[in-house]
């Protein structure tokens with residue numbers, strides 16, 4: 001492939017672009033998610049071809065305004081991390097300083113005589129003709145073979161190849177894309193331009209790539225109080241920390257929770273809480289039977305009492321009380337591990353339920369939707385309420401999952417009753433909705449002669465449950481985002497709030513078609 005100054009950044013545009021990041025089109029539930037969850041987007045999803053255009057526009061602008069070649073404009077933009085305004089301000093303030101800093105020389109420091117027949121390469125020290133020699137703005141001569149080896153090595157080393165300098169150790173002249181195009185092979189050239197494209201997103205502060213494997217979209221983020229974004233590939237993530245979307249829990253809590261789940265010290269705590277060291281060899285021993293007469297395994301073989309730790313050779317009784325700091329420590333650890341397990345198991349289970357719901361939605365859209373449409377003699381658009389229900393389930397499972405991480409780190413005991421009440425009501429509502437969508441829908445996949453009345457009742461029930469569940473979770477999310485502020489009210493106001501909420505819940509339950 002030939003590369004010119006005009007199409008210098010077009011190398012990726014000819015590649016096949018999977019705009020949905022490898023996702024299944026029938027499983028792209030993002031548009032509906034936006035309707036249900038996001039009242040107003042504060043971000044823009046940008047496809048790869050759009051990034052190329054933005055990149056090209058910036059290069060054209062800098063080249064035109066500063067009266068530079070595109071090669072030089074690219075060097076400057078890379079140095080300034082694609083911040084055009086900062087580049088222009090500093091260039092017009094002190095052009096000479098900027099040229100020296102980035103390595104764009106006006107005049108060569110080495111003047112190779114154009115009439116000279118034999119020119120010595122500065123790397124291999126062999127003599128070459130003028131056509132076999134190449135140099136950048138500094139003029140240091142190197143044969144094209146050495147240039148190829150030098151630049152290829154830089155490309156193999158990673159994105160640093162975008163800022164390669166002249167091979168001469170004391171020279172600061174930059175190697176432009178014209179040299180890359182001239183001396184590298186196609187596979188290395190393609191790798192270089194891949195780094196070049198990604199630099200437009202990764203070097204800036206307002207864009208990030210979607211972290212979903214295989215997705216080639218980026219997200220440009222605006223001003224917002226929340227960081228959750230939904231990519232075109234259906235993946236939802238936090239723009240701030242790049243983890244899975246975790247509102248209403250903040251990034252710091254998520255980071256601590258994930259680290260705790262991966263921390264090997266939790267295994268050590270389990271050992272401390274559920275075992276005792278052999279009094280002789282100090283190896284931890286777990287008691288698996290009722291008898292307190294313990295025998296250490298392996299080469300030790302020491303026999304001792306599990307209760308008091310004394311050797312059985314001189315053991316008579318251990319009913320006398322002796323202060324045992326280790327026992328107190330084990331009790332505390334057992335309590336903490338039990339507490340952690342409570343929250344962790346529910347965090348995992350809700351994630352598992354969410355993934356199952358996503359799979360069920362995919363199956364419904366790809367297989368069951370047409371079948372249900374035929375059986376009930378209804379157009380697919382009239383069955384959108386089922387898709388909406390599954391989307392609500394998926395989102396609610398995500399929120400509920402992270403509320404368990406929130407609950408684990410909730411140290412304010414005064415706030416815990418309100419938190420657990422709101423969480424419990426939301427979870428109960430979600431279970432009703434999930435059960436209805438997962439189990440009660442099955443009967444309608446069997447064709448019946450007069451399906452209308454029964455199916456219409458199901459539609460009303462599922463639609464009602466979807467709305468009610470959304471209300472529960474909206475209340476839960478709002479409360480957590482506000483730091484459970486209702487607890488700061490007087491006890492009388494808090495009691496009134498809970499009583500009002502319970503009356504509302506009772507009213508809703510009566511209307512839930514149960």
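The backbone N, Cα and C atoms fix where each Cβ goes, glycine too.
Look at Swiss-Prot and you will find 1-18 tagged as compositional bias 'Acidic residues'.
Look at residue 124 (Zn(2+) 1 binding site): DSSP puts it in coil. If you look up Swiss-Prot, you'll see 121, 124, 143, 146 marked as Zn(2+) 1 binding site.
Among the features that Swiss-Prot reports, zinc finger is placed at 121-171 (among others).
According to Swiss-Prot, the Zn(2+) 2 binding site annotation covers 138, 140, 166, 171, on the basis of sequence analysis. DSSP assigns residue 166 (Zn(2+) 2 binding site) to coil, not to a helix or a strand.
Per Swiss-Prot, zinc finger is recorded for 190-251 (among others). Across the zinc finger (190-251), DSSP classifies residues as 14 helix, 14 strand, 34 coil.
Residues annotated as Zn(2+) 3 binding site in Swiss-Prot: 210, 215, 231, 233.
All chains included, 15 other C-beta atoms sit within 10 angstroms of the C-beta of residue 241 (Zn(2+) 4 binding site). Summarising the annotation, Swiss-Prot assigns Zn(2+) 4 binding site to 238, 241, 246, 251.
Marked as zinc finger by Swiss-Prot on the basis of sequence analysis: 278-308 (among others).
Under DSSP, residue 300 (Zn(2+) 5 binding site) is assigned to coil, being neither helix nor strand in the three-state scheme. Long-range Cβ proximity for residue 300 (Zn(2+) 5 binding site), meaning a same-chain Cβ under 8 A and a gap of 6 or more residues, is found for 278, 280, 281, 283. For 278, 281, 296, 300, the entry in Swiss-Prot reads Zn(2+) 5 binding site.
The active site annotation in Swiss-Prot covers 291.
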Close in space, distant in sequence - residue 146 (Zn(2+) 1 binding site), Cβ under 8 Å, 6 or more apart: 121, 123, 124, 167
Which same-chain residues, if any, lie at least 6 apart from residue 171 (Zn(2+) 2 binding site) yet have Cβ under 8 Å of it: 109, 138, 140, 165
Rounded Cα separation (Å) that holds between residue 296 (Zn(2+) 5 binding site) and residue 166 (Zn(2+) 2 binding site): 69
CB-centroid shell, 8 A cutoff, Zn(2+) 1 site 121, 124, 143, 146, site residues removed: 122, 123, 125, 126, 128, 142, 144, 145, 147
Residue pair residue 215 (Zn(2+) 3 binding site), residue 241 (Zn(2+) 4 binding site) - Cα distance, angstrom, rounded: 18
